[in-house]
């Protein structure tokens, strides 16, 4: 999760404190009750040095220097990221207050442009990108007037960082990155308008973030009119490159959050016609709030553990440190771990050898974390969502797996599919005439992942599945060829991105396994649907053949016998309704083989061929298999199903 | 020699096509009744396969057994042939009613059309139609000639025989060096009188013409017939009629090779694929006159006149003695069960040589007509 401290995790292994070294006895602090930083007097390990250095840079500075890693690397990506951060914030805020979200997004291209010096075109001229005014307004509870500046102007850090709670964004931290990016590229401040229910009117704050000291610079405040009873609107001016990825993002966000009402307006060029999209709610069920839990030992990076150790103020002993700060560690377990890592139970926390402890944890057979802390989309909600998004799909299905954990981190996999129908086809890539490649929608904590699909585990597992088992054609190791939308959702307290800022989920065997199982179940559902449809098609096709031939037969027989043609037709159609397994073939089969050979003597001489009807054909009383396939030529209309599945 | 005019054993009236029409109508009426009564319509079509071919020992012909395949309307595999059968049968019936005699190709084109409102053709090609036609033949037990459907005819006949057709009297002794062309619907001809002692069937047209030129038939009091190679239906029918109606012995003359034997076999007993025709077209009393393997030595055909048998010949010869692997019955019982024939075939397989009839000309052009044939007949030197 975009944590700079995680960078420090790239430690040189094995640098431990000199054995047996003891710190100087600590002088009791005169300031009781006040926070006191422990100052170790042994030589610092590399890890500790790194962590210290990190702390010296304030988070705002860090953000500014590493915008690329936070998703603001290039203008196209940055635009999407800005919208994402703001919308994530809005959704999280609404849900926390038990409100069904209603979000209005506006993207308006202004006349201003942004030059990117390092990004030159072929002829050497500098590329420019338009500055967009991005405005995201929600119907959340609003922000207290006194808190607005601090909330948006200071990059918070520390305690929240180690909280284990499922959330879309980075617990509101991403907004700051967006604001800083906006400042850098447009030089314009952020404008935040908010109103709580009890406020008489809206409150508008124009501010910038001072990255040097990590604090807000309030340029102006005023009371303004605000249409909603309560809500917040954030307006940023950012340099961006508008592509259809933005629209897909909002569409997929709507898919992942069927309880939200999303409206989107974009003016792509200055003063051009606005384009509007409105994604209405698919249901009105607020998903349950995810629970916050303490972290699990297995999920800790060494650097993070170090930080925790250093920041800890309340624990006297190592044992206490373990039982208090981590989930599912009992007294016995703590004792066991400390013993295994050669640390005395009653030693102060700072004496904990982080790496040995983690090693002991890995080998220590720890319990899985509590799994009921997540808030998934839900099978029903996903189905409703897909149905709302693709109303004319021929098949909609969703599968949710039970929650599980990887390396101490709870997670849950949900998958869904929309199959067939024009709306689905519109979203798929057309490979050839009537051959489409499926589209995969990836969701991490109900937020669309729209870049870096090739590196993403979610995408890779879809390709790994053998869709051919489910009557869907597929080239080895690539996406299936079908008019199909596949939604793959991973919910977790910590979605394991390969690299912070990248939209690609890293490989974990537990996650992969759950994905496979879910997709296989989904595949079976699709297979059942397709089989059923094929049977229906076949039956229709079959019936139509009989109808055609019945007419002819009735005509001929009525000539013979003088019987009423209509009656004959009726009788034939009635007979056609009753299927009979073809026995005739079985009877004729054994006969076919020996007979032709018997006729070889006369056959080879030319003289024979003329008068005696070719013997082999004379034998086949019923049509051969080959003939059968062609006999109904003229009747083989290509149904949509046949086109896809041959 | 005094002319001994033979009258037919029994005065036979010409077969009419009414019977055929009636039979067709009967079968398809039954089918229609089944349909109208909402029962599943089923066509029983006897199987024309080796396993369903029986050699009737008494009559010495191949016949079709009892096995049949059921063609149903309500099956994907059966519906199209069902439709085609009804269609073709109706066309035949129409022709009969209107006194038309189409060929099977005529029937094919007559019935070929696109089904109304679709792009489906009733037949994909003529082979499909021919196959259905044969189904109708076995289903009704009527041969095409009996249904008034005309096939190709190639046979020729000369001799002291008077025929009657369409009110015309035809004397086959008055063709000069020509001959009477045996028509396809040969049962539409009345045989009024016959003055002959036997029927000689020759394989090749060239031989026929030579013998006709020498007026062999006049000098030897026989009827001369040729099928011009593989015998067509009409010729076989004629031979059978002569044998039946006038109790005339039939002798077959072919080249000395397995192909010739096969030709004889056709006249005599038909074939497995056409076993359903045997009851009308096979002449079990036909005897093989020559040339036999033993003749080659007996009549001192010089070695250089003999042709080396090739692989096809040998293979064919072997097949004549073979048993069908599935049914374990001999495919050509009249060869297998005859000691003489077995000897003959083994001789061929030993020597691996064959000869044409014309090889006899080494002894003179007239050797065949003046010496060989009369002597063989006189000495009853034939193989049954």
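Here the Cβ of each residue, glycine as well, is placed from N, Cα and C on the backbone.
These figures come from a predicted structure and were not determined experimentally.
Features reported for this protein in TrEMBL:
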type	residues	note
BINDING	A:89, A:138, A:159, A:160, A:502	ATP binding site
COMPBIAS	A:637-646	compositional bias 'Polar residues'
DOMAIN	A:369-541	domain 'DNA topoisomerase VI subunit B transducer'
REGION	A:1-41	region 'Disordered'
REGION	A:577-646	region 'Disordered'
Assigned element (helix, strand, coil) containing residue A:138 (ATP binding site), judged by DSSP: strand
Residue A:89 (ATP binding site): tally of other CB atoms within 10 A of its CB: 26
Residues satisfying Cβ distance under 8 Å from residue A:138 (ATP binding site), sequence separation of at least 6: A:90, A:91, A:93, A:94, A:101, A:102, A:103, A:104, A:231, A:232, A:233
Conformational class of residue A:89 (ATP binding site) under the three-state DSSP mapping: helix
Local Cβ density at residue A:502 (ATP binding site) - other Cβ atoms counted within 10 Å: 16
Local confidence of the prediction over the domain 'DNA topoisomerase VI subunit B transducer' (A:369-541), expressed as mean pLDDT: 92
